Amino acid sequence: MLPSTIQTLTLFLTSGGVLLSLYVSASLSYLLYSDILLKFSSKITAPTMTLDCANASNVQAVNRSATKEMTFLLPEPEWTYPRLSCQGSTFQKALLISPHRFGEARGNSAPLIIREPFIACGPKECKHFALTHYAAQPGGYYNGTREDRNKLRHLISVKLGKIPTVENSIFHMAAWSGSACHDGREWTYIGVDGPDSNALIKIKYGEAYTDTYHSYANNILRTQESACNCIGGDCYLMITDGSASGISKCRFLKIREGRIIKEIFPTGRVEHTEECTCGFASNKTIECACRDNSYTAKRPFVKLNVETDTAEIRLMCTETYLDTPRPDDGSITGPCESNGDKGRGGIKGGFVHQRMASKIGRWYSRTMSKTERMGMELYVRYDGDPWTDSDALAHSGVMVSMKEPGWYSFGFEIKDKKCDVPCIGIEMVHDGGKKTWHSAATAIYCLMGSGQLLWDTVTGVDMAL
């Protein structure tokens, strides 16, 4: 790899080591020596020396210094690739971000009103993203905070573990739908906004706004509401455009350093695919568990080959139906592609891979309630093919009880030194209806250790206070 970052440092050298001149006044200087062995090519230039003495006739100046200019070549950070998952056989509660437990704070310390949270990680840090209504609680701008789309919504982030307050949050761009991912060198941010009939995807790479993508069905162009996925500098983003109660065909955008370099048009069962949660099954394949808001309670499942840039969609065949609302498990008859009933409506689902040397685990989340966005459970299936395996998924534990809200969920992976830690995040919405504020907490569960998932999460928020 050829480095592209070149930094030039000029050091003043003497025979004993490195000489740093610190000018304390117009006529005084102090010399600091350190023993450093430097092995770089250099060039010598004539020095400049100024003497300022009260009795210059009694001073003999001997110049034994020279200016030595050296060029340090700093390599670019490496592109990221999926690695084996860190060891573990169960998920445990890792973190709760419940901003409105601090709802008595005002001003810059006030928590932002948010929804659609997700988490994305780079090599050195994870960021907690969300879509804010440009309002805080407490405050006077609660009206409209239950709306999905308006002109005030923005994609924001904080470092994972920070509370998304006015003071802590970075505002990335105007957006009512969003995604983000890190390619190993820089962050890519995705935001969608505009009128329903002509929405626009905007891409930001680092601090620069770099590209756009226009609506292709003129019916609420939108994206994942979770992290996009990068390998070798290429980042893959799922988008869709179409009716919430009819046809909505998805596409994938291949993005490199903030610019779209290819469109991918999936084949197969393409009638309705939205809000995909995606991750790497291997260095060759991205898999996504998605939402069909129109026809079925089964999840559309995408396999995207990053070597050929082709994608295919089929319905998950398991008798454990993962959408909400949904019929009784196992009640849909016929082949795997059968839609069944209770397919209208839906919810974004959590999905993450556990990559092991000899097998792969696929972890999923779904609400405990079959009809309401309440509770959240964890399921797993090792190996097999989600397109053809009809058996029930293995139940792994309760992350959110039936008494607590369980709305959107998502997957992400934390980068350890030599392996990746799979995690699932859960949006726990404080639903105040249309008369007061409407916002969310985030619960996080990660793979760690063995045994059973031990404890569920509560938000601890009373909206009446």
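Any Cβ shown, glycine's included, is placed from N, Cα and C.
DSSP classifies Arg291 (substrate binding site) as strand under the three-state reduction. Sequence annotations record features per position, and here Swiss-Prot assigns substrate binding site to Arg115, Arg149, Glu274, Glu275, Arg291, Arg373.
Marked as disulfide bond by Swiss-Prot on the basis of sequence analysis: Cys86-Cys419 (among others). The Cβ of Cys419 (disulfide bond) lies under 8 Å from the Cβ of Arg83, Leu84, Ser85, Cys86, Gln87, each on the same chain and at least six residues away in sequence.
Per Swiss-Prot, disulfide bond is recorded for Cys121-Cys126 (among others). In the three-state DSSP assignment, the secondary structure recorded for Cys126 (disulfide bond) is strand. All protein chains considered, the CB of Cys126 (disulfide bond) has 21 other CB atoms within 10 Å.
Shown in sequence order, Ala120, Trp187, Thr188, Ala227, Cys228, Asn229, Cys230, Cys235, Leu237 are the residues of the chain, 6+ apart in sequence, with a C-beta less than 8 angstroms from the C-beta of Cys181 (disulfide bond). The annotation disulfide bond is assigned in Swiss-Prot to Cys181-Cys228 (among others) on the grounds of sequence analysis.
Residue environment of Cys230 (disulfide bond) contains 25 other Cβ atoms, counted within 10 Å of its Cβ in all protein chains. Taken residue by residue with DSSP, Cys230 (disulfide bond) is part of a strand. As annotated by Swiss-Prot, disulfide bond applies to Cys230-Cys235 (among others).
Cys276 (disulfide bond) is surrounded by 30 other CB atoms, counting those within 10 A of its CB over all protein chains shown. Taken from Swiss-Prot, the feature disulfide bond applies to Cys276-Cys290 (among others).
For Cys288 (disulfide bond), the number of other Cβ atoms no farther than 10 Å from its own Cβ, over all displayed protein chains, is 28. Annotation source Swiss-Prot lists disulfide bond at Cys278-Cys288 (among others), citing sequence analysis.
Taking the Cβ of Cys336 (disulfide bond) as reference, residues of its chain lying under 8 Å away and at least six apart in sequence are, in sequence order, Arg314, Leu315, Met316, Cys317, Trp387, Thr388, Ser390. Cys336 (disulfide bond) carries neither a helix nor a strand DSSP state and counts as coil. As annotated by Swiss-Prot, disulfide bond applies to Cys317-Cys336 (among others), with the evidence given as sequence analysis.
Look at Swiss-Prot and you will find Cys423-Cys446 (among others) tagged as disulfide bond, backed by sequence analysis. A strand conformation is recorded for Cys446 (disulfide bond) in the three-state DSSP classification.
Positions annotated as region 'Hypervariable stalk region' by Swiss-Prot: 38-85.
Residues or ranges marked as topological domain 'Intravirion' by Swiss-Prot: 1-11.
For 12-34, the entry in Swiss-Prot reads transmembrane segment.
Considering only the binding-site residues Arg115, Arg149, Glu274, Arg291, Arg373, no residue lies within 10 A of Cys121 (disulfide bond) on a C-alpha to C-alpha basis. Secondary structure from DSSP puts Arg149 (substrate binding site) in coil. Farthest C-alpha pair in the substrate-binding residues Arg115, Arg149, Glu274, Glu275, Arg291, Arg373: 20 Å apart. Sequence-distant neighbours of Cys446 (disulfide bond) (same chain, six or more apart, CB under 8 Å from its CB) are Phe91, Gln92, Ala94, Ile414, Val421, Pro422, Cys423, Ile424, listed in sequence order. Arg115 (substrate binding site) falls within a strand segment according to DSSP.
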